[in-house]
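Each remark here refers to the structure printed beneath this line.
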């Protein structure tokens with residue numbers, strides 16, 4: 001590639017790195033600040049964001065360095081080349097975990113709290129990262145081209161003894177990339193996710209039809225299910241974009257491996273597919289902001305407070321049970337009951353059991369405003385009734401005139 005082309009590639013990669021870091025730091029920041037977003041599903045979202053941050057901080061600089069073909073010891077070059085595979089694998093495992101989490105939430109919601117806990121989610125995330133390093137760094141254990149003789153293709157006459165011209169395809173064997181990396185650990189998980197989301201949508205469609213056939217359909221259950229479907233659609237979009245960004249590069253690798261007599265893909269096309277794969281680390285925050293209201297509102301508050309320096313106290317969206325703190329005239333705590341279940345909301349807006357996680361119906365990711373401590377079957381009628389009771393008990397209290405009372409679903 002020409003010098004101008006190299007500079008264009010490097011400039012685009014650096015821009016992607018900056019956007020990936022800023023956008024995904026914003027995602028982690030939002031989950032940390034907003035209690036409505038602190039749920040099991042978003043643990044996996046944060047893991048996905050961490051992988052995308054690492055792409056911007058490490059993988060893209062490594063890719064730029066490798067593109068220069070600098071001289072290095074073969075195993076040093078191999079580590080640079082394989083590190084991006086670790087991050088790709090972590091992203092795939094996070095997406096698969098999210099898909100399974102949503103499947104459980106819709107298919108067996110009553111067992112969700114028992115099956116999907118914060119402790120288990122953190123353990124699964126740790127296992128996913130360990131497996132990602134094991135899979136991505138497998139070439140370091142011997143499945144590589146470093147054992148080829150010096151006159152082999154991965155050695156440059158301009159490099160010293162024991163050094164190679166550090167280029168990805170010259171140190172990472174293509175059979176590893178195609179059979180092991182792509183077929184086993186990219187394509188299979190993507191197909192599993194496709195099947196999971198298909199079953200989610202079919203199950204949701206069947207349940208909605210059953211509700212329509214009931215003489216007195218439950219509006220709360222219907223609204224909850226619609227919010228779950230909305231969340232599943234948002235996450236399915238993220239999976240689709242991942243496939244769109246990564247499949248072109250893997251398809252080129254397949255052509256290179258299975259058709260050695262065919263001409264190799266032009267260098268500009270290789271760089272274009274590499275840039276496209278790295279672009280995937282940028283898009284997820286935009287999907288969250290566009291599709292999930294709670295993320296969008298929190299992003300806006302963070303930008304106003306910390307970027308534009310417009311000081312305002314951070315408060316979670318007015319749609320959570322945490323935010324339903326009411327005070328009497330003498331400052332005493334008012335005990336609230338939602339559908340006969342005390343949610344444990346205190347006068348200062350905190351809950352006595354912050355470690356409790358929502359069931360499949362009330363994830364902050366789903367509704368963009370349903371609280372982690374709220375009861376799973378609380379719907380708009382309950383909220384309106386509670387609002388009237390609060391107003392009667394303490395007129396100075398803001399009650400529930402926030403977004404939930406206004407548009408109910410809490411979904412953009």
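Including glycine, each Cβ sits where the backbone N, Cα and C put it.
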Same-site residue for adenosine (record: Swiss-Prot; known: 253, 277, 278; options: 161, 169): 169
Candidate set 39, 145, annotation N-linked glycosylation site, source Swiss-Prot, matching residue: 145
Of the residues 154, 348, the one that Swiss-Prot lists under N-linked glycosylation site: 154
Spatial neighbours, same chain, of residue 278 (adenosine binding site) - Cβ under 8 Å, 6+ residues apart: 13, 16, 17, 20, 55, 59, 60, 63
Feature contact check the transmembrane segment (267-290) with the transmembrane segment (43-66), CB under 8 Å, 3 or more pairs: yes
Beyond the flanks of the transmembrane segment (235-258) by 6 or more, those residues with Cβ under 8 Å of it: 88, 91-92, 95, 98-99, 102, 169, 174-175, 177-178, 182, 186-187, 190, 193-194, 197, 264-265, 269-270, 273-274, 276-277, 279-280, 283-284, 287, 291
Outside the transmembrane segment (267-290), six or more residues from its ends: residues with CB under 8 Å to it: 1, 5, 9, 12-13, 16-17, 19-20, 23-24, 26-27, 45, 48-49, 51-52, 55-56, 59-60, 63, 67, 88, 91, 234, 237-238, 241-242, 245-246, 248-249, 252, 296, 299, 412
Which of 77, 146, 159, 166, 259, the listed disulfide-bonded residues, has fewest other Cβ atoms within 10 Å: 259
Inter-residue C-alpha distance, residue 74 (disulfide bond) and residue 277 (adenosine binding site) (nearest angstrom): 25
Integer Å distance between the CA atoms belonging to residue 259 (disulfide bond) and residue 71 (disulfide bond): 29
